[in-house]
Each structure stands twice: as C-alpha cells, then as structure tokens.
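The Zn(2+) binding site annotation in TrEMBL covers B:Cys39, B:Cys42, B:His112, B:His163. What TrEMBL records for B:133-324 is domain 'DUF4921'. The active site, tele-UMP-histidine intermediate annotation in TrEMBL covers B:His165.
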2 protein chains.
Amino acid sequence: MSEWRKDPVVDRWVIISTERGKRPFDYKEVEEKRKIQVCPLCEGNEKLTPPEIAAYRTVGTAKDSPGWRVRVVPNKFPAVKTEGEAALRQRGVYACMSGTGVHEVIVESTVHEPGLDTQPVAQVEEVIRMWRDRLLKLRKDKRFKYIHIFKNTGQAAGASLEHVHSQLIAMPMVPAEIRLEIEGMKNYREEKGSCVMCDMIRQETAEKVRVVADGEMFLCFTPFASRFPFETWILPKEHLHDFGAIRAEQLRELASVLRDTLKMITAAVKNMPYNLILHTSPVNQDEERIYHWHIEIIPRLTVMAGFELGTGCYINPTPPEMAAQSLREARESLLPDDMGVRGGEPACLTGR
Amino acid sequence: MSEWRKDPVVDRWVIISTERGKRPFDYKEVEEKRKIQVCPLCEGNEKLTPPEIAAYRTVGTAKDSPGWRVRVVPNKFPAVKTEGEAALRQRGVYACMSGTGVHEVIVESTVHEPGLDTQPVAQVEEVIRMWRDRLLKLRKDKRFKYIHIFKNTGQAAGASLEHVHSQLIAMPMVPAEIRLEIEGMKNYREEKGSCVMCDMIRQETAEKVRVVADGEMFLCFTPFASRFPFETWILPKEHLHDFGAIRAEQLRELASVLRDTLKMITAAVKNMPYNLILHTSPVNQDEERIYHWHIEIIPRLTVMAGFELGTGCYINPTPPEMAAQSLREARESLLPDDMGVRGGEPACLTGR
C-alpha cells in the first residue's frame with residue numbers, strides 16, 4: 001500500500017510507495033525496461049490493460065475491444081489506491097495518511113503516435129471532453145479535494161509510454177501549487193478588486209508581444225515570468241473557475257487552440273518534450289470561484305537543477321517575447337492543411 | 001542584461017536572459033555543445049576562466065596560475081549580473097527588477113573528477129570552508145537577501161561541466177523555498193514551542209530507521225517525506241540558523257560526514273546524478289534565528305513530470321526507510337580505506 005506523507009516544515013505531500021519500493025538495483029535497469037515490445041495502449045491490445053473505466057466507442061462494440069476513440073483505464077502501476085479513508089495520522093512530528101486516490105490513464109488515440117499535435121481537432125475535442133467527464137464523475141467521491149489532469153510527452157518530460165495519453169490523479173488534499181495560486185489570486189483581488197488572470201488577459205491582449213494565438217473565447221500566450229523556454233498558457237477569456245463547467249462551444253474552440261499550439265511548439269523544436277497541466281478549482285469544499293482555470297504547457301528543454309530545487313526560482317534562457325515570436329513564426333511555416341480546419345472554416349488560430 | 005521577473009500570482013521569481021536569449025535553433029545544438037575539448041576548470045587552464053575571485057593556494061603562487069587547492073571564479077555565463085540596483089519596477093500586473101546578483105563557480109579540485117566523493121576529507125573541508133568564506137564576504141553587499149550555494153553533479157542533475165565544482169548565486173530577494181520553510185518553522189514554534197528540525201533530530205535518533213550516519217555534531221538521515229529516491233539530509237544537532245557561523249570543529253566533522261555520505265550514495269547507484277543544496281538563513285534583514293541550517297542531497301533518478309510540476313507534490317518509489325538501509329549497506333561494501341579516516345582515527349561515520 002502506498003502512503004501520503006507530509007513534510008513537517010512546508011506544505012508538501014509525497015506519495016511513498018511503501019509496498020513495492022525500488023531498491024538501488026532497480027534503477028540500474030531503467031534503460032532495459034523502456035524497451036517494451038507490445039504497446040498496451042494500441043487498438044487491438046485492450047486485454048493488456050486493466051479493465052476499461054470509460055470510453056467513447058462506436059455503438060455495438062464491446063468494452064475492452066476495438067471500436068473506441070478515446071479510452072480510460074486504471075494505471076497499471078498506480079501511485080495511489082482507490083480504497084481507504086483519507087484520515088490524517090500523526091507519528092511524532094510527522095503526518096501521513098493512506099495512499100488514497102485514483103490514478104487513471106486516458107488513451108488519446110487508437111494509433112501509436114507520441115503527440116496530440118498530429119491528431120485531428122475533432123479527436124482532441126473528444127480527449128478534452130473525456131477530461132471533463134472524468135472530472136465530473138470523480139468529484140462525486142467526497143474524499144477527493146483535487147482532480148489533477150496532466151500529460152507527459154517525451155522521455156525528458158517523464159513519459160514512460162510513447163503512445164499518446166494523458167493521466168488523471170484524484171487527490172485527498174488541495175496540492176500546494178493550487179493552494180498558493182488561490183492565495184495569490186485572493187490577495188490580488190483584495191488589493192485591486194479584480195481577477196489577476198483576467199487583468200493578465202487584458203494586458204497581454206493590449207501588449208501583443210507575448211500572444212501566440214488570440215481566439216474568440218481563449219487567449220494563448222507565453223507568460224511574462226515563464227519558468228521554461230517556450231512555456232505557453234491557454235486561458236478562457238471569461239472568468240471561469242471550474243473546468244468541469246466548460247460549455248460545448250468552448251470545448252470546440254479549446255480543442256482547436258490547443259491542437260494548433262502543440263503543432264507550433266513541436267514545429268519550433270522537433271520532438272519537443274513537454275508537460276501539459278490543467279489547472280482548475282479544487283472540488284468538494286467551499287467553492288473557489290476566485291480561481292481562473294487554465295492550461296499550462298511546459299516544454300522541458302532545460303534541466304531543473306540545484307538552483308530551481310533549492311529556491312523555487314527558475315533560470316529561463318529564452319525570453320517569453322522571443323518564444324512567442326518563434327511560435328508565431330513556426331505557425332507560418334506550417335501548411336494551412338496542418339492547422340485546425342473545421343468544416344472548411346479556418347480554426348480560430350489561423351484566421352486571426 | 002538579464003532580468004528578474006515575478007509571477008503575478010504566486011511568489012515565484014524567474015531570471016530571464018533578455019540579452020542573449022536562446023532561439024529554437026540553439027536547443028537543437030545542445031548535444032554538440034557538451035563535447036568540450038579542454039576543461040577550463042583543470043589545473044593549468046586557469047586562463048580559460050574569468051579572473052579568479054578567491055583561492056586557497058600555496059604561498060608564493062600567483063593568481064590565475066597553478067598552486068591552488070580550491071578556486072573561485074565568476075561564472076562565464078552568469079545568470080545574473082553584479083551591477084544594478086535591486087529596485088522593483090511595475091509594468092501593469094507584472095513586476096520585475098534588473099538581473100542583479102552574483103554567480104560564482106567554486107572549483108573543488110585541481111583534478112578532472114566528477115564527484116566530491118572521491119576527494120580526501122581534508123579537501124572537502126576546504127571546499128566547505130570556501131562556501132563559508134564566500135557567504136561571509138558576499139553578505140556584506142546589502143543588496144543581497146539570500147546567498148544560495150549548490151552543486152549539480154551529473155547531466156541528469158543539470159551539470160554542464162564535468163569537473164567537480166559547486167556554484168553560488170547571491171540573490172536580491174529571499175526565495176520562496178526558504179521563505180516557506182521559515183513560515184513553516186515559525187508556525188511549528190508557535191504551536192509547539194520548539195524547533196521542528198530539532199524535534200525531527202530527536203525523533204530520527206530515537207527511531208533509527210532513517211538514520212544514515214550519526215555523528216557527534218551532525219545527523220545524516222533520509223527525510224520521512226523524501227521527495228526523491230535516496231534523498232539525504234545532513235543537519236547540525238545544535239540549533240544553528242546561520243551556516244556562516246559554522247565553527248572549526250563542526251566544519252571538520254561536516255566534511256567527513258558529507259564526504260562519506262556522497263561515497264555511500266555513489267556506491268548505492270553508480271554515477272548517481274545529484275544536486276546538493278545548502279539551506280541557510282537569509283542575510284541583511286531581521287535575523288531569522290528561527291531557521292535551522294542544513295544540507296539536502298537530492299539524487300536525480302526520477303524525472304519531475306506533470307504531477308510534480310502541477311501540484312508541488314512528489315511520487316517517490318523508494319521509501320526513505322529502504323533508502324537508509326541501502327545506504328548503510330553500501331557503507332559496509334566500502335573498504336575502510338575508502339571512508340573518512342583522519343589521522344588514523346576512523347571518521348565519525350564509520351566509528352558509530
């Protein structure tokens with residue numbers, strides 16, 4: 001059984017695999033393990049994963065067989081376990097709780113491709129809809145306080161399977177990153193009376209230098225204090241705290257903006273490794289309407305080292321203004337057919 | 001000129017290289033650049049570095065020539081620049097300041113070796129003394145609020161030069177990690193009336209399972225909520241906030257404990273990549289006597305991915321209890337001669 005442990009000094013939770021821990025020897029074998037012969041996420045190999053939790057499939061096709069377009073399965077090596085109460089136990093100065101949580105894999109295509117950028121916009125739309133559906137489903141479990149949805153693409157970004165997929169971890173606490181964001185948003189609102197993210201959208205739209213794509217409902221830009229080269233955020237222009245409440249037309253535009261952004265990023269640097277992180281309000285507690293949900297795309301060209309780990313500060317060798325320009329230039333280099341075209345109409349990105 | 005930029009939501013500072021930014025093309029060349037022909041840190045190549053700032057040398061030898069044992073030079077590609085006022089400028093929602101700071105490289109041996117673990121204890125002692133000397137010197141500059149000293153060993157830990165060295169970055173603000181630690185220590189003290197680190201030392205000494213080495217003045221253990229496999233901390237047993245005030249006998253024992261710990265870590269997993277981070281109290285402000293200085297050694301066998309970056313939480317596949325046992329076993333496998341022997345006496349680690 002795994003265990004959540006809390007650092008006694010700072011608000012930092014760690015999932016410790018107490019059950020099947022890795023000894024020094026296991027780390028020496030890492031390279032070997034990467035050479036997987038058969039991909040368990042490919043269409044036709046459904047029996048190689050644990051039983052399916054959810055899927056969008058052609059009517060009449062059976063669970064755990066071909067016919068799906070997006071498929072959700074439990075992580076075969078979950079960091080957390082579904083059973084157990086999320087009750088804090090104190091052991092002297094230390095606090096811990098059982099490793100309660102849910103760890104799911106969202107398979108984003110039937111085909112063995114590494115990136116979401118090569119998928120049609122309609123497919124990306126189904127992926128985002130599945131994120132929403134799983135969020136709505138899992139927050140009915142009152143033990144969970146945050147549903148974390150993310151993607152690791154490329155080895156440097158921590159992907160252990162090449163086949164295009166995202167992950168979901170339901171957690172029994174609000175993690176520090178989200179708590180600190182909420183705190184920052186509250187402080188800003190108290191001081192200025194407005195949402196800092198809404199104000200950022202206004203300033204970015206006016207200044208233009210960091211804008212990558214300006215849609216009707218979403219703004220895509222490289223943040224002023226980008227931690228990583230080519231870091232790119234996508235924000236709904238409307239103040240919305242809850243990704244779970246995304247509307248159909250927003251979902252459609254988001255799919256197009258996200259797909260095209262990933263295309264630009266991978267065009268700028270070939271095989272760019274990146275993490276994609278959905279930031280949304282916590283669940284099952286006082287609603288945090290103050291929050292402004294968004295997506296952060298974090299390319300992993302630099303290594304987080306002793307400076308970053310020790311201070312929480314970052315060194316970014318690519319100014320976001322230069323990154324945005326490079327991404328806009330990358331868009332120019334792509335063929336119109338490459339970009340999000342839906343029903344003959346250019347996607348929001350290409351048209352503006 | 002580089003620039004410090006602050007995230008408008010959370011307390012996160014980023015150094016942006018606004019002057020000589022890296023375009024997409026530069027990242028494609030990373031592999032090429034690693035193949036350095038001549039090591040600028042080796043004895044005899046002193047002219048390849050910027051002029052020496054400080055050194056421990058044989059009497060009569062000249063600056064920027066052989067004869068040194070530990071040598072400090074400016075980083076050739078500094079993340080920050082010494083000139084400039086540390087004054088905050090507001091640009092709409094965003095805050096920034098000029099990239100004020102100091103970025104130094106401490107060359108830890110004349111010989112081209114990658115790790116501090118292969119150095120004699122006396123050499124490690126001189127390295128630690130140099131860290132102290134630089135800290136004491138740089139805090140005289142009132143612009144600086146924190147002196148961050150760290151080591152990156154191995155590519156996965158962000159080392160760009162193989163030759164054994166550490167780095168120092170003097171910063172015009174107290175970084176979030178240190179600020180959050182101080183906050184946590186304050187909260188604990190208010191609640192319990194004692195120092196959380198002192199209480200941890202008491203509990204670890206009693207429980208023993210996570211202890212790697214128990215010296216007279218220092219305790220070395222794997223923290224209860226270890227973020228990384230084989231993460232190891234070294235704490236002075238006495239409550240001391242300021243590393244700069246380290247006494248001669250403490251410096252001597254710390255050298256021995258640190259050298260032997262690094263030996264165990266690299267014996268457990270060959271070529272273990274790791275960061276070493278010195279955590280000490282801020283400088284030039286209300287003294288933070290509440291702080292308890294310590295060293296964190298962070299092996300980098302796992303990749304920080306979308307879970308870690310999005311939540312600030314970690315998944316650690318090696319329980320610290322198992323890590324401590326592996327490190328103690330690794331010590332057994334080392335020859336007595338390998339370990340810290342000083343004047344015929346076994347070092348604190350081996351003797352206890």
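Residue positions begin at 1 at the first shown residue.
Cβ atoms are placed via backbone N, Cα and C, with glycine included.
Where the annotation comes from TrEMBL, it is an automatic prediction and has not been curated.
This view paints the features noted in TrEMBL onto the structure.
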{"residue": "B:Cys39", "record": "Zn(2+) binding site", "contacts (Cβ under 8 Å, 6+ apart)": "B:Asn45, B:His112, B:Leu161, B:Glu162, B:His163"}
{"residue": "B:Cys42", "record": "Zn(2+) binding site", "contacts (Cβ under 8 Å, 6+ apart)": "B:Thr110, B:Val111, B:His112, B:His163"}
{"residue": "B:His165", "record": "active site, tele-UMP-histidine intermediate", "contacts (Cβ under 8 Å, 6+ apart)": "B:Leu41, B:Val105, B:Ile106, B:Val107, B:Glu108, B:Lys151"}
- Its Cβ having more other Cβ atoms within 10 Å than any other among the binding-site residues B:His112, B:His163, the winner is B:His163
- Query: In DSSP terms, helix, strand or coil for the residue listed as 'active site, tele-UMP-histidine intermediate'?
  - Reply: strand
- Item | Residues within 8 Å of the B:Cys39, B:Cys42, B:His112, B:His163 Cβ centre (excluding the Zn(2+) site residues themselves) | B:Pro40, B:Leu41, B:Asn45, B:Val111, B:Leu161, B:Glu162
